[in-house]
């Protein structure tokens with residue numbers, strides 16, 4: 001079962017896939033969708049096959065969602081919304097103009 | 001009279017020098033009326049510092065003619081315009097052309113053939129040799145005005161050889177670069 | 001001549017490398033094979049596979065790095081599988097896995113290098129980071145056979161004139177602000193023309209129908225050139241045309257009818273930009289004393305640029321080399337080729353810590369060990 | 001460049017006998033013994049009987065309208081710089097004779113004399129004479145000459161002019177061993193210390209590549225001459241230029257490929 005550990009000065013957390021029944025999971029993550037720019041999305045990840053690796057992909061997608069949500073909340077604590085959008089843009093787009 | 005020719009252009013350049021002219025105002029009137037017999041360039045000597053200044057202006061006007069890029073009505077008025085450092089035809093005619101009080105001037109005829117097929121009886125004055133040693137012309141020049149018109153910098157009354165060469169070069173620069 | 005086989009194993013009949021490219025909106029995978037000895041007319045590198053998938057955005061839209069990275073992330077595995085299948089090679093034949101280390105856009109580079117690192121650990125094959133521009137140059141030289149050309153590298157992200165000297169590809173002249181491809185793409189956005197197959201390609205088709213030349217700023221400064229001023233100027237003309245700004249005398253006649261068309265604007269933009277490129281290239285040729293010019297990078301596929309460059313080069317009794325869109329547009333094979341050359345000199349891959357990608361990676365930072 | 005270009009030039013220089021001196025990326029330099037408008041009897045320019053014609057041929061790869069505009073603009077701006085230099089006594093440069101901007105033609109004074117081996121007395125050729133003889137290559141005469149050249153470039157920069165293509169071939173020594181700067185095709189007006197630093201860096205690399213044996217001393221003397229013109233309150237300006245020069249050298253400004 002894939003897991004991820006978060007260690008910071010004031011807390012330590014262990015993340016695991018929170019959905020045991022893999023049939024509920026998919027490779028389409030909540031946090032890894034396209035930006036609102038994209039009208040027709042042709043770049044979804046491929047469907048997961050019913051194999052060990054297929055299931056692993058779904059679990060990791062789920063784990064990644066949990067991490068993204070948790071980290072975004074962490075950012076939210078100190079900054080107000082405008083900074084978050086700015087910080088997120090910097091993180092995601094690496095201040096390359098398109 | 002002096003006749004010269006530039007290698008690049010077919011025309012013959014005839015240069016006459018007149019002094020003690022008595023009928024300047026009559027000549028000026030005919031010029032303004034565009035009388036055919038007055039198809040010459042009438043240049044007053046007050047701002048003609050050297051022969052290379054005059055030849056440089058004539059060269060440029062023939063070049064403009066050759067590139068069919070004349071800014072004035074004919075080659076003779078173009079010569080006057082090319083003498084001037086300012087890109088304004090009226091100003092050029094005023095500074096370099098003749099006034100009623102001009103007694104001393106240079107007459108230029110650009111012609112397509114070698115022989116002199118015109119006469120200058122219209123001028124009531126004495127024709128003298130133009131072809132003098134280069135610096136002779138300076139005696140007739142109003143230096144203060146020359147400095148002002150060609151923006152030659154701080155005025156210097158007595159000119160040594162070096163000064164003359166430098167002034168000459170500054171004048172040629174303005175003639176060649178006017179309006180470019 | 002540099003010995004390219006110092007690490008050739010006794011029984012090894014050839015070298016094989018896979019290359020992953022994703023520095024901009026094109027994701028590409030290529031597999032190449034070198035045979036021992038110097039690369040030459042008689043010993044050409046063999047292209048086993050060279051496939052590409054371009055992230056296309058709707059007309060008038062730029063592309064966000066995060067969406068580009070997502071495209072690369074979700075397509076890279078499928079592309080690698082297809083490429084290996086196509087090349088009919090066996091995984092353990094691979095000598096190295098090459099990836100674009102930079103320059104380029106951060107997020108897309110990241111997606112690709114993660115795939116490369118994963119494969120490297122999965123298959124236990126060494127990793128080689130490659131400078132994107134060196135990839136273009138080396139592939140261009142290999143495909144065209146130009147041994148020591150002045151290289152004009154023109155793409156969405158780069159505009160450089162490069163000449164080789166003392167084991168470095170030195171930048172001779174470059175853009176002082178935006179790249180030429182970027183300038184063309186952004187003008188395409190102003191005109192709202194499609195981005196498929198590429199904005200530059202569509203501008204080229206319009207330019208072919210252009211008739212009258214509109215004067216634009218010509219900004220070459222010594223060996224460098226700047227294009228942001230030209231873009232601002234022509235954007236303005238286009239907007240006045242679209243918004244019927246009758247007082248713009250360049251765009252409209254006295255009677256209010258348009259004097260120029262969109263085709264004329266595209267035509268004039270190309271004439272001006274390409275004239276500047278050819279000028280600094282000619283200056284570099286005269287300076288280095290070279291008779292060969294090689295054009296690489298996406299904009300190099302533009303036929304008008306190739307034609308203008310050819311006229312200049314033939315006038316100097318020289319030779320021009322250009323590659324077709326398989327190679328001049330970003331591709332994986334060029335990364336594999338340049339990476340394999342580096343690998344043959346190093347005999348080993350990069351440490352994992354050295355496989356970090358960089359958005360800024362100047363061409364003259366690379367030590368060209370494989371040339372004398 | 002092809003012969004059609006020379007034919008082209010001759011069509012604008014009817015009856016002028018010319019010989020080709022050099023061909024760069026942009027222009028051809030001709031030499032002639034005919035002055036465009038002074039009858040040979042009174043050629044007032046100093047006894048020199050030779051004149052230089054710089055011709056910018058049309059570039060067929062460019063759109064005709066664009067090409068004519070560029071040729072005209074560049075011919076005029078080079079002539080303007082010669083005009084500016086006439087008004088700067090400290091800088092020696094060829095004098096303008098005539099200009100035909102539409103056809104890209106510039107007439108100017110010929111500078112220099114023929115060295116023993118018939119080459120023109122450019123700084124490059126003059127220094128190459130001493131190439132194989134250390135005792136001659138580093139004499140006081142060479143030192144003074146290079147300092148004089150340095151002073152010329154210093155005066156140029158003091159007047160906020162940048163040459164843009166300083167090499168030892170673009171510096172000519174006249175009969176009375178005055179150093180002249182020539183070829184202002186890439187020159188421009190600039191107050192930026194960065195541009196002046198790049199000017200110096202280009203020259204340093206050029207000296208390094210064309211005179212490798214003694215380039216250390218040569219560059220040192222050039223810089224000494226250069227620095228000597230900045231005195232009094234100008235010294236802060238000099239320090240700033242030299243600091244930029246260091247940055248440019250470290251950055252290996254792409255001009256470094258001259259080496």
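Any Cβ shown, glycine's included, is placed from N, Cα and C.
Caution: TrEMBL annotation is automatic and unverified by curators.
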Divalent metal cation binding, same site as C:132, C:136, C:330 - TrEMBL member from C:153, C:319, C:343: C:153
Candidate from C:177, C:185, C:315 that TrEMBL assigns to the same substrate site as C:153, C:154, C:155, C:156, C:157, C:200, C:204, C:302: C:185
Rounded Cα separation (Å) that holds between residue C:155 (substrate binding site) and residue C:136 (divalent metal cation binding site): 10
Whole-number Å value of the largest CA-CA distance among C:153, C:154, C:155, C:156, C:157, C:185, C:200, C:204, C:302, listed as substrate-binding: 18
Nonlocal residues around residue C:153 (divalent metal cation binding site), in sequence order (Cβ under 8 Å, 6 or more apart): C:133, C:136, C:137, C:159, C:160, C:161, C:162, C:296, C:297, C:363
Residues within 8 Å of the C:132, C:136, C:153, C:330 Cβ centre (excluding the divalent metal cation site residues themselves): C:23, C:133, C:135, C:137, C:155, C:158, C:296, C:297, C:334
Cβ packing number for residue C:155 (substrate binding site), 10 Å threshold: 25
Cβ neighbour count within 10 Å of residue C:136 (divalent metal cation binding site): 32
Residue C:302 (substrate binding site), number of other Cβ atoms within 10 Å: 26
Helix, strand or coil at residue C:153 (divalent metal cation binding site) [DSSP, three-state]: strand
Model confidence over the domain 'Gcp-like' (C:47-336), averaged pLDDT: 93
